[in-house]
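For reference, the structure is listed below as structure tokens.
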Amino acid sequence: MNCRTIIYAILLVSLTVVKALPRSYRDVEGKDSIGQRFSQLQEDNFKAIAMITFAQYMQGGTFGKAVQMAEDVTELGRRCAAAGRDASDCLKPVDRVFLDTICQEENLPRFTDCCAKKDPDRNDCFLSLKNSRGSLSPFEWPNAEAACKNHSQHQHPLTGYFIYEVSSRHPFLYAPTILSVAVLYAEMMKNCCGVAEGPSHNLEECFQRQAPKVVKPVKEDGLRQERTCGILSTFGEGTLKALKLAQISQKFPKADFVTVDKLVADIANMHKDCCRGDMLRCMHGREEILQYVCTNQDILSSKIKKCCEKPLFQRSECIVNAENDDKPADLSPHVREFIEDKGICQRFAQEKDTHSARFLYEYSRRHPEFSAQMLLRIGKGYEDLLKECCRTGAPDNCCSRGEEELKKYIYETESVMKTSCDIYKEKGDYYFQNELLMSFTKKMPQLTSAELIKFTKQMTAIGSKCCQLSRDKLLPCAEENLDLVLGEICRRHLTDPINPGVHHCCSSSYALRRPCMGKLEMDENYVPLSLTPGLFTFHEDLCTTEEEKLQHKKQEMLVNLIKYKPQITQEQLTSVTAAFAAMREQCCNEENREACFVKEGPELIKRSEKMLS
């Protein structure tokens with residue numbers, strides 16, 4: 001394949017500012033045709049998005065195949081844009097063109113069943129095959145020296161291949177995110193390889209220092225998007241709209257309800273397209289929303305001016321991370337009219353959803369210090385209050401206890417987060433993670449050691465990030481980030497069920513998911529592991545001086561110990577831990593360490609059995 005073909009199929013969107021598209025997009029006749037999309041995006045942008053789309057649909061395919069398909073549909077788009085809508089191929093919706101292109105290919109048996117279906121079932125079938133966990137090996141960074149050599153000879157193809165690899169491994173990730181990450185990748189290659197000849201320059205160190213900055217947006221945006229799609233599929237559009245209503249009301253407290261409600265509807269529609277995997281429509285919908293927000297800054301927020309001056313594909317992340325706007329000076333601190341007004345039951349009966357949405361809007365814009373998830377719990381509590389107090393025969397003063405009722409949700413969240421942060425500050429990263437490991441291994445013993453260590457490490461990182469913040473920033477930081485981890489656990493449950501308790505928490509109520517997980521106790525139906533010879537093994541690698549590796553090995557043993565003895569008490573755990581530490585110290589001071597572990601390991605297990613009996 002010639003260099004020109006590859007160059008055009010890469011990050012051209014990310015290296016140029018995408019032109020603004022018309023706000024009238026949703027009202028334009030033929031908006032779904034390939035010619036229309038081609039004209040809106042322009043050739044280079046269309047081709048880059050096309051390659052990402054094929055890479056995301058055909059996980060496990062080849063880079064060359066994705067590039068060739070992108071070339072084919074771009075050629076069709078070019079012809080259709082020039083010829084108008086006369087040719088029959090030009091009348092097809094663009095998503096159908098993409099799937100037809102895949103189905104016309106030979107040697108793709110994985111898609112045979114899907115290709116036999118008619119749309120929209122065919123598209124649903126293709127989407128069901130997308131797998132964001134485990135279908136491909138993790139992306140491996142190339143050897144620094146070899147990467148720089150490739151970069152000097154094949155700069156554009158190398159970045160294009162990076163885009164392809166990221167797209168294949170993250171089939172639901174927004175195309176703008178992938179393209180913005182490609183910019184970071186290109187900058188890393190330029191920075192590290194550009195001064196590779198310097199006498200003091202260490203390529204490996206440069207890559208190790210800059211690679212996390214490249215990976216970070218992929219991980220963070222991927223988790224946020226998968227969480228959003230999980231909410232849509234499990235709890236429905238209403239729950240997603242409620243979450244976005246709370247978040248936007250906090251972000252733009254000066255905006256009126258009608259404006260916020262319109263934004264919520266547009267964002268929900270965009271996410272439906274994105275979660276279905278229609279990346280072209282997803283990207284266009286996202287751009288329309290950004291255009292609207294940046295065009296209407298005067299009625300929305302004074303804090304997003306700098307975001308709106310950035311290139312289009314960088315605006316979304318900037319706005320999401322921007323400070324909440326200041327509350328209106330005349331905004332009263334309370335929402336008593338939603339509790340004390342004589343006509344609330346009538347309004348609730350006539351327009352239940354709108355009334356509840358208005359309450360959530362008013363409460364959220366007054367409380368930027370609350371997490372969006374807690375605001376949803378307050379909103380649910382308010383609905384439950386009205387259902388009880390507006391029924392026939394309810395006491396006249398029923399609603400008067402409303403404010404006190406709603407405060408219990410605030411107290412629960414603040415109490416949990418304060419307690420967690422106190423433990424984190426007292427124990428530090430390693431021992432705090434061990435506390436979480438003990439708790440979650442009992443709740444979810446079906447998870448592997450690697451999974452339990454990964455999830456609790458993510459939770460520990462939340463403590464490090466959020467517990468140092470001021471009180472008004474703590475709850476939004478802690479619960480928002482914790483919700484992303486719980487969402488990941490729930491997606492893991494969907495692919496491989498964990499246990500009924502986890503199923504209940506993951507499927508009953510999004511707003512109550514975190515408190516539900518917190519209340520889970522030991523899984524009573526779990527059958528503990530048997531004490532087989534391979535369950536606990538001790539070797540001289542326990543004498544490593546690399547603290548992180550040693551801690552990881554000890555945590556693996558801790559998980560297996562709890563899976564073997566779920567009812568272990570703190571006193572028993574302390575005794576076993578002390579015995580292990582004594583054995584390790586003894587053997588690591590021996591001349592023949594391995595022989596010592598072979599001898600003392602079984603003895604430790606025998607003594608531990610007695611301690612645990």
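Positions of Cβ are set from backbone N, Cα and C atoms, glycine also.
Between Cys275 and the candidates Cys229, Cys307, Cys308, Cys318, TrEMBL records the disulphide pairing with Cys229.
Checking Cys148, Cys206 against TrEMBL, the residue bonded to Cys193 by a disulphide is Cys148. Candidates considered were Cys421, Cys505, Cys506; TrEMBL assigns the disulfide partner of Cys467 as Cys421. A sphere of 10 angstroms centred on the C-beta of Cys294 (disulfide bond) encloses 19 other C-beta atoms. The two recorded residues Cys80 (disulfide bond) and Cys345 (disulfide bond) have their Cα atoms spaced 57 Å from each other. For Cys115 (disulfide bond), the spatially nearest entry among the disulfide-bonded residues Cys192, Cys345, Cys398 is Cys192, judged by CA separation. Per-site Cβ counts within 10 Å over the disulfide-bonded residues Cys103, Cys125, Cys192, Cys307, Cys308 peak at Cys192.
Separation of the C-alpha atoms of Cys307 (disulfide bond) and Cys543 (disulfide bond): 51 Å, rounded to the nearest whole number. Of Cys90, Cys103, Cys125, Cys421, Cys467, all annotated as disulfide-bonded residues, the residue with the shortest Cα distance to Asp278 (Ca(2+) binding site) is Cys125. In the predicted model, the domain 'Albumin' (409-606) has a mean pLDDT of 94.
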